[in-house]
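Structure first, then comments.
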Amino acid sequence: MHEHDSHGEAAHSNSEDMQMIHQHHEHHGHEEEHSAHHEKMKHSADHGDHHRMMMEDFKKRFYVSTLLTIPILILSPAIQTFLGFRVEFAGSLYILFLLSSAVYFYGGYPFLKGIFDELRRRQPGMMTLIAVAISVAYFYSSAVVFGLKGKFFFWELATLIDIMLLGHYIEMRSVLGASRALEELVKIMPSEAHLLKDGEIVEVKVENLKPGDKVLVKPGEKIPVDGIVVEGESFVNEAMLTGESKPVAKKPGDTVIGGAINGEGSLVVEVEKTGKDTYLNQVIELVRQAQESKSRTQDLANRAALLLTVIALTVGSVTLAIWLAYIADFAFAIERAVTVMVITCPHALGLAIPLVVAVSTSLAAKSGLLIRDRQAFERAKDLQAVIFDKTGTLTEGRFGVTDIVGFNHSEDELLQIAASLEARSEHPIAAAIVEEAEKRGFGLTEVEEFRAIPGKGVEGIVNGRRYMVVSPGYIRELGIKTDESVEKLKQQGKTVVFILKNGEVSGVIALADRIRPESREAISKLKAIGIKCMMLTGDNRFVAKWVAEELGLDDYFAEVLPHEKAEKVKEVQQKYVTAMVGDGVNDAPALAQADVGIAIGAGTDVAVETADIVLVRNDPRDVAAIVELSRKTYSKMKQNLLWATGYNAFAIPLAAGVLYSAGILLSPAVGAILMSLSTVIVAINARLLR
């Protein structure tokens, strides 16, 4: 939509359609300020600067044109008659003509240039209408100055251009907020880093860092790159990047994201990713692609805007002809035609959707919800069913204690004894029991004569008594019968360990893949908005049934092999518009098959090819957030399209003079004010999306 400078297409920080906002200008040349790998990140900032430069240009043209309009108003006979004074001297008419010419060519330049850009692309729109309207008024008035019979429209022309310039300036200010989110992401990144080299700290530009370098991050500083902590411990604030509200604890071996804010500890970070591979750059690229991708709704709005332009030009011409035939007053007929063209607002139609998209994709990105496919995001509003992969999505993918049953010991005693014995074991079950004891604040008791029983469990003396923590297989070997409560736990697919005291069963501890605390809230939120919740798992049916009952799922599919997941999704699709939620690795075909594929828990690796939407955090509640945002986005689009269509349907006949007999007639200046307001309303409504 623009003449592009050396930055090319990549310079766009928002939708191609967003360029309608400022299609009346060329890019100003930018200096290349960074090396190639840092360049894309700066493009959106450059584009924002360019947008601001254009705003300033409109403001400057508005001020100059307004100053020139003052003498035009004073010298205009119509204004003199209205205000009851007379200013006339030799050549005053020619001075009026020269001042009006200056306003037409200087103030009207963006619109005059815009018509050539639009016609060259064969996409007449807003600029075409304004340019035709001011040109008709200017050349007709000029002809009157040089002998044609009639009245001139110089003061109307000048005020019309002033209002158009001001309207576009206000509109661009309103719109800038939509495209500012990407610039904010870019601003997060620090420009310098403390490189550790030969035992010394060297200040270097971030773009000069390479994988393997080690950088020092001091307390309160922003982390300059994606990397791995090799020294130090701290809490890191990632809220601006992933939407994670609480600071995240970081220790050696943990990954950190460039742009996150370090807490009170110092960290030494080994550089892992630079340039376009960094998390932030990938997010910026995904948001840019989402904002530039077209959707059916947008195509419809674009066609409607083009059609509206043709209608306005046609109605303007017909209005001119009808009024000429009706009252044979050429000046009056010209004024009606000009008003029709300036009051029509294809801009409001053209911006109705891209503005909302720019706001919603940016809002989503800041919350760690990355939209890769805009059409899929729009489909999310129609979802009827969501299928979750179990392991790592609804559950944590690791053992946790779910039940403790004591026969002659309290739960707390049993847990403390079991944890004390298991503390020396590396087994995942042992780790889960110790973790549960720590969580409940129990200290470990000293164990004497500790011994591991290979493949069966552990034993030792605690508080003078011999205890064992053993598997069900060992219990069978001993010929010990278990009661109903134990059998019930087994039927739920849980792993059960027995605690024996002096050879007798004192109690059992049941463990299972731990259900995420957020899963219950996520499922209840989705069900509250009328969406059926289902689960796919390769796990056995007992485990699947237990998880489904715990979470209140509508249905579940157990013992499904990875290659069968896509088939199950297809089955559900026969009844419902379906989303699939998984980690994007072993369920890639299922994500691709679903109407909306959602990869969850992507962390810093956001380039999940098969997913339409990527959720950075491992939080199922974000699925409900995506559906809600999709519905709100669609609602805003509808509001904007309804407003833009309704406004034009009402304004065009009014401008043509259908209520002339009732004494209602709009001047071109009033038409221009209404047109500007209609676009600003669309922009403000889009920004109200939350």
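Heads up, the Cβ atoms here are built off N, Cα and C, so glycines get one too.
Within Lys366, Lys525, Lys565, Lys570, the residue that Swiss-Prot lists together with Lys390, Thr391, Thr537, Gly538 for binding phosphate is Lys565. Relative to the membrane, Arg520 and Leu689 are annotated in Swiss-Prot as lying on a common side. On the backbone, the CA of Asp583 (Mg(2+) binding site) and the CA of Lys390 (phosphate binding site) stand 10 Å apart. Secondary structure at Asp389 (active site, 4-aspartylphosphate intermediate), taken from DSSP and collapsed to helix, strand or coil, is strand. When each of 65-85, 128-148, 152-172, 304-324 is scored by its Cβ pairs under 8 Å to the transmembrane segment (664-684), the top-ranked stretch turns out to be 152-172. Take the CB of Lys390 (phosphate binding site) and look out to 10 A: across all protein chains shown you find 26 other CB atoms. Here Asp389 (active site, 4-aspartylphosphate intermediate) is positioned 9 angstrom away from Gly538 (phosphate binding site), judged by their C-alpha atoms. Only pairs six or more apart in sequence are counted, and the transmembrane segment (152-172) with the transmembrane segment (65-85) gives three or more Cβ pairs under 8 Å, enough to call it a contact.
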